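The structure appears right after this line, and notes come after that.
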């Protein structure tokens, strides 16, 4: 029964757009945004990832068969880079367009960013995703609120400043990063995280 429940949870999560790995213990984070299916059983033509304010050094990866675009926004307060240059804008969104992803397939859209790293564990950064298809769109842009069910939740990345706190299925649980590093020698980082969650649930 427990394994069946875990399988149902995993199936529900995979039905949404997600960020993998879902946690980071560094200000510099590399991850993928995974789009699991099309819209209304039709192909995906364009995917836009909105970048939270304060997230800088955004570097998307080109994907074969897709055209890469970025948009910028003005900073409320200009900042000075390590090289001394004055920076007045930051990336507002990243778009992969002119693609043709079948509904029966998934795609992963890689990003590298610098987070305004938190002083405490559990700070969550939301990266809303707008997926445009041949028929309709999926707007993965909903931000959780008290008692609000989400049909299209925005993908999120949890920062662990002290390497101890992880959010899983809406609940904070304890996990030692050393265990993750040990597991990641033989599995991918995201699979290592999932293995720890499964061990906790059993």
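Placed from the backbone N, Cα and C atoms, the Cβ positions cover glycine too.
According to TrEMBL, the feature signal peptide maps to 1-17. Residues annotated as domain 'YncI copper-binding' in TrEMBL: 16-157.
Mapped onto DSSP helix, strand and coil, the domain 'YncI copper-binding' (16-157) counts 0 helix, 79 strand, 63 coil.
When averaged over the domain 'YncI copper-binding' (16-157), pLDDT in the model lands at 93.
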